[in-house]
Amino acid sequence: MDDKQHTSSSDDERAEIATSNQDQETNSSKRVHLKRWQFISILIGTTLITAVITVVAYIFINQKISGLNKTDQANLNKIENVYKILNSDYYKKQDSDKLSKAAIDGMVKELKDPYSEYLTKEQTKSFNEGVSGDFVGIGAEMQKKNDQIMVTSPMKGSPAERAGIRPKDVITKVNGKSIKGKALDEVVKDVRGKENTEVTLTVQRGSEEKDVKIKREKIHVKSVDYKKKGKVGVITINKFQNDTSGELKDAVLKAHKDGLKKIVLDLRNNPGGLLDEAVKMANIFIDKGKTVVKLEKGKDTEAIQTSNDSLKEAKDMDISILVNEGSASASEVFTGALKDYNKAKVYGSKTFGKGVVQTTREFKDGSLLKYTEMKWLTPDGHYIHGKGIKPDVTIDTPKYQSLNVIPNTKTFKVGDDDKNIKTIKIGLSALGYKVDNESTQFDQALENQVKAFQQANKLEVTGEFNKETNNKFTELLVEKANKHDDVLDKLINILK
């Protein structure tokens, strides 16, 4: 084995202090957290990187590799013998790599732990890209909309921008091959590749279609965004990756330069990431020598403390942290520390509640094992696993911003009884249509509103909630979410 790391993160296209399964948990039913790009990402598949944000935590418990006892050795010998027998004597030829992976997967599955998993070499690569925030590609954010792959925006200074790619460009081919019917992640995989190699995109812009050659480069995706909203500085932290602490420090300094005294740290739908980054970020606001998080394994505990003086420009700032049920892991470590030291007031809704830390061990073949090794507590000793952190002031998320994705493989009509019908009603109500109940029944009144929706959006008027209606419904909810961040607006009004 090569590196041993402790992770506190989530997963591919997700991650946090624990594992790459965090998003799968918070979105087990594909729950939509309507927070700007996050909402788009979940609802219509916007993706810039397929990131497994893992956490490199602290190795604090000195472990000695001891010899196996007789029982363990016997079990290991048995596994080895079964592998050899099946690999050599089974009547059909077996793939030795698949047998090995199946054995490992079986052991991990037996843990019944959603945060422990074995990653292949390819999965490990994605996982590490999530940790670093770096990947090789063209730097264009894409989304799937109405069965088309569309560029949302090229990153500033990226190869895509330099090549002339524009927002709303529709990609029809990659390297001369049609992408019709392909999933968004498949297209992203095709667009990516080795550094300094070229990819040719066939782009449709209006009635014009042309080929654009773009050289792939290493792209860094920033995890922090700063905006000035009146007299309040809003710093959005999307994940905890390499140098998120540096990005946060820069954002705080910009806010100070702008003369702002009130800062909102927006951690909504932040699944976590690197634990050491969470500690460094807390150190911006918490003085030297203070405990940020306590790690515990059995009877062994260690307090991880700040190592530097806090940022002087942040000392007089009024800090507010905005969280929701999608804020997990490293987000909770950071929030818990600032809350315990009264350095920030917490707003929003209760956080996810992930209080365990994973360790990663990477093997020589590039694969990786991630497993839960310890739990963590806040400085005051609060164990938030399964409980979350309650905000000091609750700001409820509008119902339409927490909808489950409606599968577009099914059509709903009068007489149907389905949980997705409640989602349809909530969404239509948010879009201004008259809905008098939120039951799971598709009644005549709902049919009338669906017809009105279809007519207003120039769709075939059937009264049935079909694929085309669903796509437009989703698109309009996304637009509404992007135009109106109700929760953030409420918080800014509170802070005025």
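Cβ atoms are placed via backbone N, Cα and C, with glycine included.
As given in Swiss-Prot:
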- Ser329: active site, charge relay system (ACT_SITE)
- Asp340: active site, charge relay system (ACT_SITE)
- Lys354: active site, charge relay system (ACT_SITE)
- 1-16: compositional bias 'Basic and acidic residues' (COMPBIAS)
- 18-27: compositional bias 'Polar residues' (COMPBIAS)
- 124-206: domain 'PDZ' (DOMAIN)
- 1-27: region 'Disordered' (REGION)
- 39-59: transmembrane segment (TRANSMEM)
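Mapped onto this structure are the features recorded in Swiss-Prot.
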| residue | record | DSSP class |
| --- | --- | --- |
| Ser329 | active site, charge relay system | coil |
| Asp340 | active site, charge relay system | helix |
| Lys354 | active site, charge relay system | coil |
Distance [Cα-Cα, Å, rounded] between Asp340 (active site, charge relay system) and Ser329 (active site, charge relay system): 16
Active-site residues compared (Ser329, Asp340, Lys354) - highest count of Cβ atoms within 10 Å: Ser329
Rounded inter-Cα distance in Å - Ser329 (active site, charge relay system), Lys354 (active site, charge relay system): 5
Tally of residues which DSSP labels helix, strand or coil - the domain 'PDZ' (124-206): 21 helix, 32 strand, 30 coil
The domain 'PDZ' (124-206) [mean pLDDT, rounded to integer]: 90
